[in-house]
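*Asks:* Handing you a structure now.
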Amino acid sequence: MNYLFKNGRYMNAEGTIVATDLLVQDGKIAKVAENITADNAEVIDVNGKLIAPGLVDVHVHLREPGGEHKETIETGTLAAAKGGFTTICAMPNTRPVPDCKEHMEDLQKRIKEKAHVNVLPYGAITVRQAGSEMTDFETLKELGAFAFTDDGVGVQDASMMLAAMKRASKLNMAVVAHCEENTLINKGCVHEGKFSEKHGLNGIPSVCESVHIARDILLAEAANCHYHVCHVSTKGSVRVIRDAKRAGIKVTAEVTPHHLVLCEDDIPSADPNFKMNPPLRGKEDHAALIEGLLDGTIDMIATDHAPHTAEEKAQGIERAPFGITGFETAFPLLYTNLVKKGIITLEQLIQFLTEKPADTFGLEAGRLTEGRTADITIIDLEQEEEIDPTTFLSKGKNTPFAGWKCQGWPVMTIVGGKIAWQKESALV
């Protein structure tokens with residue numbers, strides 16, 4: 001099916017929002033211009049809505065295989081499509097871990113059969129993410145590994161991390177890291193700060209993250225490796241990354257919507273839906289994240305979509321697993337709380353969610369350019385809705401944002417020229 005989207009707005013190559021039509025033919029973007037006509041295309045009048053590149057998320061947890069009670073590839077990618085995401089990168093904390101030929105082939109088969117959006121899987125750095133034996137990077141790359149990471153457990157052994165970075169560098173691949181120094185975690189469930197002190201909870205200190213990033217940056221410099229930092233959350237981490245970039249070290253970084261919108265002062269009680277890793281930090285950390293995003297220290301926004309069951313989250317803040325869902329709330333949360341408040345522009349938000357992650361990892365995504373694959377999101381910037389977890393397509397309903405009123409909701413997502421998700425009656 002060919003589609004002609006009429007009367008839309010999009011961000012052009014100069015970074016300006018302008019009026020446009022957009023023609024999709026044979027799964028590709030055929031033309032982007034005003035007043036397009038086409039004979040054999042279904043015309044969809046978007047009536048002034050934003051035509052954006054499909055959103056790109058480099059940090060997601062789909063749980064399959066092994067955690068299908070939390071999420072599946074089918075439910076997770078449907079939720080991604082509803083949130084406007086057309087390309088997502090799946091972390092390897094599955095069971096089994098994609099750490100060998102057999103496991104990666106099985107994962108890719110599942111993705112091919114079930115995914116509603118483009119899914120790029122990470123390969124594990126070490127076997128079973130155990131930190132002691134390196135995986136076969138060459139084989140994992142041949143089988144489509146997006147990059148290499150041990151995700152939420154991190155690589156604690158510096159010699160192992162250096163060896164991994166050297167091998168990744170030879171393959172022109174990135175090493176991606178969740179940064180925590182295990183000896184400093186302190187069995188924490190929240191940030192070590194006012195909230196932990198008030199509620200008598202063990203806290204995770206900020207230096208737990210920043211000291212690990214500092215170590216890895218020096219290792220990346222020695223290995224000449226592209227090193228990407230997951231979900232930056234502290235003022236110290238921003239400073240270390242900024243200094244590294246000024247020194248010419250190949251480091252990039254992401255921040256989550258929840259760390260841009262919330263800090264520890266916003267946690268109303270010991271609610272497990274506010275438990276994520278890294279935890280919500282202090283006001284100074286929150287301000288540093290905004291500053292880092294604006295000055296280029298932080299390159300992109302990624303959701304860290306981490307679904308859990310209601311039963312798991314009901315165990316209380318100390319026992320419940322870390323993580324919140326992110327796909328279906330990311331854009332409206334950021335548009336309402338950053339763009340509408342004048343902290344960043346709409347153009348910047350689009351870049352942080354599209355071309356910045358795509359360019360960082362060399363993906364053919366993130367731009368509405370003629371000839372490219374038609375991965376597109378239509379967003380109604382005027383639509384206001386209340387976040388209601390019962391409407392989520394994700395199995396995970398674990399969000400701290402229930403009841404928040406937000407503007408700027410995706411209404412249609414196109415993947416490879418086909419409609420992957422559409423809000424009922426939004427475009428008629």
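Glycine is treated like the rest: Cβ placed from N, Cα and C.
This is the feature table in Swiss-Prot:
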ACT_SITE  Asp304  active site
BINDING   His59, His61, Asp151, Asp304  Zn(2+) 1 binding site
BINDING   His61, Leu62, Arg63, Asn93, Asn277, His308, Phe322, Gly323  substrate binding site
BINDING   Asp151, His178, His231  Zn(2+) 2 binding site
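Burial and contacts for the listed features, if you can.
*Replies:* The DSSP secondary structure for Asp304 (active site) is coil.
In the three-state DSSP classification, Asp151 (Zn(2+) 1 binding site) falls within a helix. In sequence order, Met91, Pro92, Asn93, Tyr122, Ala124, Gln129, His178 are the residues of the chain that are 6 or more apart from Asp151 (Zn(2+) 1 binding site) and have a CB within less than 8 Å of its CB.
There are 28 other CB atoms within 10 A of the CB of His308 (substrate binding site), with all protein chains counted.
His178 (Zn(2+) 2 binding site) falls within neither a helix nor a strand when secondary structure is assigned with DSSP, and so counts as coil.
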*Asks:* Determine, to the nearest whole angstrom, how far the Cα atom of Asn277 (substrate binding site) is from the Cα atom of His231 (Zn(2+) 2 binding site).
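*Replies:* Their Cα atoms are separated by 9 Å.
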*Asks:* Considering Cα atoms only, can you say which of His59, His61, His231 is the nearest neighbour of His308 (substrate binding site) among these binding-site residues?
*Replies:* His61
*Asks:* What does DSSP call His59 (Zn(2+) 1 binding site) in the simple three-state scheme?
*Replies:* strand
*Asks:* Once the chains shown are all counted, how many other Cβ atoms turn up within 10 Å of the Cβ of Phe322 (substrate binding site)?
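*Replies:* There are 15 such Cβ atoms around Phe322 (substrate binding site).
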*Asks:* Which ones, of the recorded positions Asp304, Phe322, Gly323, have a Cα no more than 10 Å from the Cα of His59 (Zn(2+) 1 binding site)?
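*Replies:* Hits: Asp304.
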